[in-house]
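Record features (Swiss-Prot):
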{"type": "MOD_RES", "residues": "P3", "note": "N-acetylproline"}
{"type": "MOD_RES", "residues": "K14", "note": "N6,N6,N6-trimethyllysine"}
{"type": "BINDING", "residues": "N123, T173, K177, R295, H327, S379", "note": "substrate binding site"}
{"type": "ACT_SITE", "residues": "K175", "note": "active site, proton acceptor"}
{"type": "BINDING", "residues": "K201, D203, E204", "note": "Mg(2+) binding site"}
{"type": "MOD_RES", "residues": "K201", "note": "N6-carboxylysine"}
{"type": "ACT_SITE", "residues": "H294", "note": "active site, proton acceptor"}
{"type": "SITE", "residues": "K334", "note": "site 'Transition state stabilizer'"}
Amino acid sequence: MVPQTETKTGAGFKAGVKDYRLTYYTPDYVVSETDILAAFRMTPQPGVPPEECDAAVAAESSTGTWTTVWTDGLTSLDKYKGRCYDLEPVPGEENQYIAYVAYPIDLFEEGSVTNLFTSIVGNVFGFKALRALRLEDLRISPAYVKTFVGPPHGIQVERDKLNKYGRGLLGCTIKPKLGLSAKNYGRAVYECLRGGLDFTKDDENVNSQPFMRWRDRFLFVAEAIYKSQAETGEIKGHYLNATAGTAEGMLQRAQCAKELGVPIIMHDYLTGGFTANTSLAHYCRDHGLLLHIHRAMHAVIDRQRNHGIHFRVLAKTLRMSGGDHLHSGTVVGKLEGEREVTLGFVDLMRDNFVEKDRSRGIYFTQDWCSMPGVMPVASGGIHVWHMPALVEIFGDDACLQFGGGTLGHPWGNAPGAVANRVALEACTQARNEGRDLAREGGNVIRSACKWSPELAAACEVWKEIKFEFDTIDKL
């Protein structure tokens, strides 16, 4: 065995463990208009200085590694490195900090959410010096926004396609979510659409199981759509889930939906992946299909307050990847969602320009450069008594989705749909007349019950149903 010998290094290179602060902590840095900015909630391990920790985050999510390498001399680190340019303690929290990191735009492939996330949240979340790390927000620079196509159509084009204006849209997830045959599934869709809903929906885990293969479902649902349209004179849709085990299978299902002439399909964007989602969004844009996006698996990523990725980031990146609808929580239903936080990322989904507002969790001003907006979908444990709050919270540009709140009606699916449609139109009219739905919403619903027995029956069934749990993720 040859004994190891000490090697003397040249004057321009010295190996060893890096002190990240020397290179990546730059509090004097002036942010460029083209930089991608990130706000991380950071919890260092005991004894690790926060400046070293946030510099490590900037390094490991950009050009850095744990030691000096001789190839650093073959490029310009000053041009390509991420920089921690600000650090602030989190009020009321021990050993927690918000670290602000700026990334040069040239670090990222144009039009690729996949590459953006691979860099910014790829390895750094497993860094040993960190006890916990959460990506709270991203500022996507206008120069980078313009490399994305975004939603296939957007809110205004969707309204034009559907010829529906002046109110929110109504939907319903077909239940039970698994186990129905394709024919019975189509029957449930027809009854809901005939009763007055605009949309029905595949549940996120309905793909192509032995009890209901995807092609059979598509055919029976298309029949239900056309039959209900003929009877009501309204344009109807069903979110046909195109999510599949392969990208080829996904596009095959999208093509089948196009050939059947249905207006909208669906994708589970987190389980399906951003690359698949962007490809599907491009297909929908080219072939005139609306794209409904479900966020299945999001709570695995975003629910913990100290670690993961906040949903406002997932919502922003979905707008970039492409989708016309996105589930956003309800504030009042069974799923997690604080009011101000939810309204913050709803604005980031819909509006063209959103100012920084820390009271709503928005860390950066975001300019979308006229990229089409995404319609928020309120779904999960809502019923007719929630309608005044939903109209007051979300306004008109939202899809309000009642699954059990439609199919659980004691008289059946169609009366359940009637009850929701009557409640929505009553609340919309009351709001337009200047009434305060936050205070008078209950009276609006009770008044509408006098001329809608379907609504009266629904109100009686769900009069005591509440989901009163404290929100985990608070500002």
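Backbone N, Cα and C atoms are what each Cβ position is placed from, and that goes for glycine too.
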Cβ atoms other than its own within 10 Å of the Cβ of K201 (Mg(2+) binding site), all chains, total 28
Can you tell me which recorded positions out of K201, D203, H294 are within 10 A of T173 (substrate binding site) by Cα, answering none if there aren't any?
K201, D203
Looking only at DSSP and grouping its letters into three states, which state does K201 (Mg(2+) binding site) belong to?
strand
Cα of K201 (Mg(2+) binding site) to Cα of S379 (substrate binding site), in Å and rounded, measures 11
K175 (active site, proton acceptor) versus R295 (substrate binding site) - Cα distance in angstrom:
18
So what sits near K175 (active site, proton acceptor) in its own chain, CB-to-CB under 8 Å and at least six residues off in sequence?
D203, G403, G404, L407
Students should find that the Cα atoms of H327 (substrate binding site) and H294 (active site, proton acceptor) sit apart, in Å rounded to an integer, by 6
Students should find that the Cβ of H294 (active site, proton acceptor) has, within 10 Å, a number of other Cβ atoms equal to 28
CA-CA, which of the binding-site residues N123, K177, E204, S379 lies nearest H294 (active site, proton acceptor)?
E204
Alpha-carbon spacing, N123 (substrate binding site) to E204 (Mg(2+) binding site), which is rounded to whole Å:
29
Report the residues of the chain - excluding K201, D203, E204 - with C-beta within 8 Å of the mean position of the site's C-beta atoms, for the recorded Mg(2+) site, in sequence order.
T173, I174, K177, D202, N205, V206, Y239, N241, M266, H294
Pairwise CA distance, S379 (substrate binding site) versus E204 (Mg(2+) binding site), rounded so that it is a whole Å:
12
Within 10 angstroms of the C-beta of H327 (substrate binding site), the count of other C-beta atoms across all shown chains comes to 24
Ranked by how many other Cβ atoms lie within 10 Å of their Cβ, the binding-site residues N123, S379 are led by S379
Could you tell me which three-state DSSP class R295 (substrate binding site) falls into?
coil
